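Annotated features, as they stand in TrEMBL:
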type: DOMAIN; residues: 276-323; note: domain '60S ribosomal export protein NMD3 SH3'
type: DOMAIN; residues: 340-442; note: domain '60S ribosomal export protein NMD3 OB-fold'
type: REGION; residues: 463-490; note: region 'Disordered'
type: COMPBIAS; residues: 471-480; note: compositional bias 'Low complexity'
type: COMPBIAS; residues: 524-539; note: compositional bias 'Basic and acidic residues'
type: REGION; residues: 524-577; note: region 'Disordered'
type: COMPBIAS; residues: 540-557; note: compositional bias 'Acidic residues'
type: COMPBIAS; residues: 565-577; note: compositional bias 'Acidic residues'
Amino acid sequence: MSMEVDVDGPVALQARPQNAATILCCNCGIPIDGTTSAGALCPSCLALSVDASAGIQREGVLHFCKDCDRWLSPPAQWLVAQPESRELLALCLRRLRGLSKVRLVDANFVWTEPHSRRIRVRLTVQMEAPGSGGGGGGGVGGANGGDAGPTIVQQTFEVEFVVATQQCPDCAKSYTHNAWRAVVQARQHVPHKRTFLFLEQLILKAGAHRDAVNIKEAPDGIDFFFGARNHAEKFVDFLASVAPVRVTKSQELISMDVHTSAKSYKFSFAVEIVPLCKDDLVALPLKLARKIGNIYPITLCSRVGTAVQLLHPDTLQTADLQAHEFWHAPFAPLADTRQLVEFVVLDVEPVRLAPNAAQPNAAAVGAAKFLPALATVAKASDLGVNDTTYDVCTHLGALLKPGDSALGYHLANSNFNSDELAAVEAHRSLSAQLPDVVLVKKHYARKKKGGGRQRRNWKLRRMQVQEERAAAAAEQQQGGRAAGRGRGAAEDAVRMEQDFEMFLRDVEEDQELRNMLALYKAENKARKGGGERMEVEKAEPEEEEEESGSEGEEDGGLEIPMEQLLDEFEDMNMEDQ
């Protein structure tokens, strides 16, 4: 009897399962597929017996230049990287040999003592276990018939780097004489240094001096030395963007290869700043005065930027004198701040400008300190001696009140050797408008204990500048003129100290000037060491109590608010360039 089944479709025959070659792990004894296992070990035992970090160095050395805070990236590249930054981590990973043989999963820094000169990095890597490639066997139990993937071994370990100091080539050039390639010689032929003190703060705020290999003080300015020509050109462009200058370029052939015609030059950039400073009394040539807006020739220099802003105190008319216009017909200021005389204000009366008078600049009228007024003043040294008074048209109507003191130029009692002033006096209509007194700014009386410098609640950063006279005096200590040089250096130091004090007072009195600078909060205690170049000024309440009357109120208003000051970070060196 036969059994036949009629079906309309194909019949699928189920294959009988094949038994895999199963063995036991030699360590833990669990069954594994013998055809795919490596070394008769299960995946767990295999991961414990394989070292994924084999071949990767556990120690390394990083070279650091402590002069410019840069790290060496072999063979000859120096990088800027902050502690525990991504750039420093990438540099550490590039210094490890054998890291390309594994897969990097994670990397981070491990905290170390900052002064230990050690950097520790924790790494997590993965690699395929040797002999664990996919085959026809099953998984851990060896019952599956599919292909098993390779066994991935993951391991975490730490690498320690030793930080070794090494001087970079750029810093080595800064300590070597005549190793520069370009020099910028900034000069201003004036008897004070207030302009360069202002430029110093702008340079520090913008960081324009970072590429300089050396900075040296000269009699009429400062020399900036650079290792590359493009760095010097960049610095010259910065100076031209903040001050009215005239640039002269020259080059000197150092060496030449006669076979390849390769030449080596040293470049010099002479940057001459217009010799007009803030609060200077200026007598313009008549032709130039008509050209820049028909302003009265006797004016005050109210501000110096990319152009010199001149102000006529009587009408508040302003005019901008560009650098190329000045150098086309240069002239010297009629008087500077060293010739200021103290006057006592007896009466102040605001005035209105005539409708047909020259209209002042909108910026001048908007400023609170520029308000036209008619003031009656007397020379402070004449009080109790004579009754001579002067009626003055001034722009300080918003600041002065009876009883205040003001600084100004006494033209009626002065002799000037100026062709421009002689031309004004010879003119028929202009000579009638020549004032006897020109008030410049309000005078704030300051009293100091023991004759020392007034202490303030703020401070400024300073650049480390090599003083040429001090260096020459040190070299000539054995010579007969060493004592004379020492006296000259002492006189220069006293003069520089006076100029810096005048600059600090200008910062206190001028809000517009403070907005352009970076002021830092002064610490309660002076720094230990390096205090000669650190200018720390802190106000003492006892000094304010000593002042009486309106003087105490005025001096209290000169204190800079704390919200306008910046915090000093612990890692900021106020003496560094």
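Each Cβ is built from the backbone N, Cα and C atoms, and glycine gets one as well.
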The average per-residue pLDDT within the domain '60S ribosomal export protein NMD3 OB-fold' (340-442) comes out at 84
Helix, strand, coil: count each for the residues of the domain '60S ribosomal export protein NMD3 SH3' (276-323), based on DSSP. 7 helix, 20 strand, 21 coil
When the domain '60S ribosomal export protein NMD3 OB-fold' (340-442) is classified with DSSP, how many of its residues are helical, how many are strand and how many are coil? 19 helix, 36 strand, 48 coil
